[in-house]
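Listed in TrEMBL:
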- 2: active site, for GATase activity (ACT_SITE)
- 91: L-glutamine binding site (BINDING)
- 2-185: domain 'Glutamine amidotransferase type-2' (DOMAIN)
- 319: site 'Important for beta-aspartyl-AMP intermediate formation' (SITE)
C-alpha cells in the first residue's frame, strides 16, 4: 500500500519530507512531493501495479492533483467507459481523472478500497475520500501550526487535535480545518450473483500477477480464502503462526493435506526474551494500548514480517467474515443481532481493519480482504438471522456454501480468536502481568514512552461496540 502526508501552513514545505520519512514503511519503493505555496502533498509508494516511475504520486488531471492510497479493481473498465487517458498502468491513477469527470458519482463507480486527497487548484478546494468500509486509514487535524491529512498519526509531532476522515467524500477548508461530508456511499444495487460466485470473484480480483501470500489460522474464514485462491493462483505461500501443538497449526495441517498445498511457512511463537521489543513495536504500529490490539496485532505483525522476508507485497486475509456473517456470539440474540452487526461493521475502521492495516503495513505488506468486497457485503446484508445461526452453529451461510471445499473439522470448527488459537495471547498476558499489574497498566506505560498525545482520547484504546456489549457483563474486550 502507500502513505499520504498533506500539510498546510507556514512550515508545511519544510516539514513534509520528515513526515514522509516516518511513513516510509507504508511505501518503501518511491516518494514524491508536490508543493504549492503553503500546501504540500507527499506520498510514499508500495509499487504493485506499474512498478515504474510512471505510477508516481501525487499526480494531476487538469486542475486537480491527487494522492490515492489503495487498490481499484475496475480501473481499466472505468477508463474505457469514461474515455479516460491514463498516464500509467497504476490502478489508482484512474481516481483523479474520474473524479474530475463525474464528481461524487465516483463512489458508486469505484470497486476497491482506498483513501485519498484531491486538491482542485483553480478553486483551492480540498477533497478527502474513503471507501465504503474504511479499509484504508486517513486522519485530519492540526499539529505544529499546520493543518494535516495523514495515513498514520505517528508521522506527526505536537498534535493539537485530530479526527478520522469519515467514509465517502468530504471537503476540508484549509484555513479553518472545518470538514464537511458532501457525499456518502450509495447502497449497491442488489446483485444477481449468489454468495459462492461473489466470493469467487472477490478472491480472483484480489490476486495479483506477482507471487502472493495468504494468512491462515485454520479457521473457517481464512480456509475459505485459501480453498478459493488455490484454484486460481499457483504461486501462493501460506503463513501460519503457532508452535506445533497450537490449535491453529493443527487445523492448518489438515487444510494443507486436504488441498495439496506445497508452500507453508510455520512461524513459531516469540520467546520471552523477544516479547519486550515486539510488544513495543506493536504499540507503536497500532497507536494503541488496548490489549486486544496488541495480542492480535502481534500475531498479524509476525505473519506480515515473514511475508515481507519472502519478498511478497500482497497477502489475502479473512477479515470481515465475523462482522458480515455473524461470527461473534454477541450477535446470537434475535432481538439485537441486526443493531450489533451494523455497529460492528461500522466499527471495523476503528478496530480490526486498523489492526490489520497498521501491523501489515509496518512490514510493507498490503493485506486484501475478499470478504469485504462490496458485492459480497451487499449479499450478506440481505441475509436473515436463520442464515447466520442455526441449532447453535454460527456463520451458517458460509458453512453451507463453502463447507464442501474444506476438511469437516474446519467446516465445523467453532470460532477461536486469532491470538488464542495461535497461543500468542497466553504469552502476552503472562509477560504483561508478570509484576502483578494489569495488561492495560503495563501497555499504557509503553504507550506513554512512545507517544506524547493525550492517552484519554478514545482512539488510542476504545473497541467501541465490544466495549458497550461486554461492559454489561462487567468486563472489557480482550
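Including glycine, each Cβ sits where the backbone N, Cα and C put it.
Every protein chain considered, the tally of other Cβ atoms within 10 Å of the Cβ of residue 91 (L-glutamine binding site) stands at 24. Around residue 319 (site 'Important for beta-aspartyl-AMP intermediate formation'), taking its Cβ as the centre, 26 other Cβ atoms fall within 10 Å, counting all chains.
Neighbour count (other Cβ atoms within 10 Å of the Cβ, all protein chains): 27 for residue 2 (active site, for GATase activity).
On a Cα basis, residue 2 (active site, for GATase activity) lies 20 Å away from residue 319 (site 'Important for beta-aspartyl-AMP intermediate formation'). For residue 91 (L-glutamine binding site) paired with residue 2 (active site, for GATase activity), the C-alpha to C-alpha distance reads 13 Å.
In the three-state DSSP assignment, the secondary structure recorded for residue 319 (site 'Important for beta-aspartyl-AMP intermediate formation') is coil. The DSSP secondary structure for residue 2 (active site, for GATase activity) is strand.
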